[in-house]
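Undergrad: There's a structure below that I have some questions on.
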């Protein structure tokens, strides 16, 4: 393996997905540093050599090292992979900005939009860091547990810098289990990963109400149409939404109960409140926050997104699930 591709990577974010990506990188033979914001919990990870809170019984590869000091974590690698909830993405960028050098390159696997603005995370990154650093985004149908277990997985990678994209593809890609597809549409890759969480809540609500497979499939299909319309308004490539970061991630998140967003929707459909559902899940439900941002972005762009709008009405305006279903089913007849 060449020195370029065996260069270390620092992963910021020691939740389930950040840990899984760190494991995958280290399993490929790359020195990988995993940082989290709670030193006492990182000390436990370092001692136990696994993340029992999120990925129990999956041992860390030898190449994975825990680093609880952010200054050291940034200094030890030129390539930084951010895997934190979207609502703290900007805060992490502000933390690392004074620690960055000219050689650093920034990638993220965070899926979401900026809180209260609906802006893409690329826009946030460029506003905070400027345009001097190569940026990349990793997105697609990936559940952390399966990735950490080494089960076959495929994902999309998009970057502002073709060399960065090529190098990270070779670094992450594993012929046995982890396939990485390059995509030059950063807007579409980011958008697909963010809005699918909202649609997954809708699919969960539908299933929680007992509406069945037909209704779930209709929601997925029309949800994809909404994502595609919003993407077109922002200049995304329509083909992106038929790929890993679009249809792939949408189907996975809407149909499997490993998805927190789907489980959250299921509980809502069964009559639980948003607060009760989130407490039971016990982890961040990105779609809850992204619903408001997706609705705001759709309003700003003048794009009709009835599924997103109805989920927004339910989560933030007190509309009940039965009225949401009635509103969607009672819409004016139209062509597909």
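Every residue, even glycine, has its Cβ placed from backbone N, Cα and C.
Straight from Swiss-Prot, here's the annotation block:
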type	residues	note
BINDING	16, 17, 37, 111, 144, 260, 284, 286	NADPH binding site
BINDING	111, 140, 142, 196, 249, 259, 260, 261	sn-glycerol 3-phosphate binding site
ACT_SITE	196	active site, proton acceptor
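Provide an account of the burial state, proximal residues and distances for the features listed.
TA: Taken residue by residue with DSSP, residue 37 (NADPH binding site) is part of neither helix nor strand, so it is coil.
Within 10 Å of the C-beta of residue 111 (NADPH binding site) there are 30 other C-beta atoms, taking all protein chains into account.
Annotation note: residue 196 (sn-glycerol 3-phosphate binding site) sits in a helical segment as assigned by DSSP. Packing around residue 196 (sn-glycerol 3-phosphate binding site) is summarised by its Cβ count: 34 other Cβ atoms lie within 10 angstroms of its Cβ, all protein chains included.
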Undergrad: Judged by the number of other CB atoms within 10 angstroms, which among 37, 260 is the least packed of the binding-site residues?
TA: 37
Undergrad: Within 10 Å of the Cβ of residue 144 (NADPH binding site), how many other Cβ atoms can you find? Include all protein chains, please.
TA: 21
Undergrad: Give the number of CB atoms, excluding that of residue 16 (NADPH binding site) itself, located within 10 Å of its CB.
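TA: Other Cβ atoms found within 10 Å: 21.
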Undergrad: Near residue 261 (sn-glycerol 3-phosphate binding site), which residues of its chain come within a Cβ-Cβ distance under 8 Å, counting only those 6 or more away in sequence?
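TA: Those within reach of residue 261 (sn-glycerol 3-phosphate binding site), by Cβ under 8 Å and sequence separation of 6 or more, are 197, 198, 200, 201, 204, 253, 285, 286, 287, 288.
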Undergrad: C-alpha of residue 140 (sn-glycerol 3-phosphate binding site) to C-alpha of residue 16 (NADPH binding site): distance in Å?
TA: 15
Undergrad: Take the C-alpha atoms of residue 111 (NADPH binding site) and residue 249 (sn-glycerol 3-phosphate binding site) and report the distance between them in angstrom, rounded.
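TA: Their Cα atoms are separated by 11 Å.
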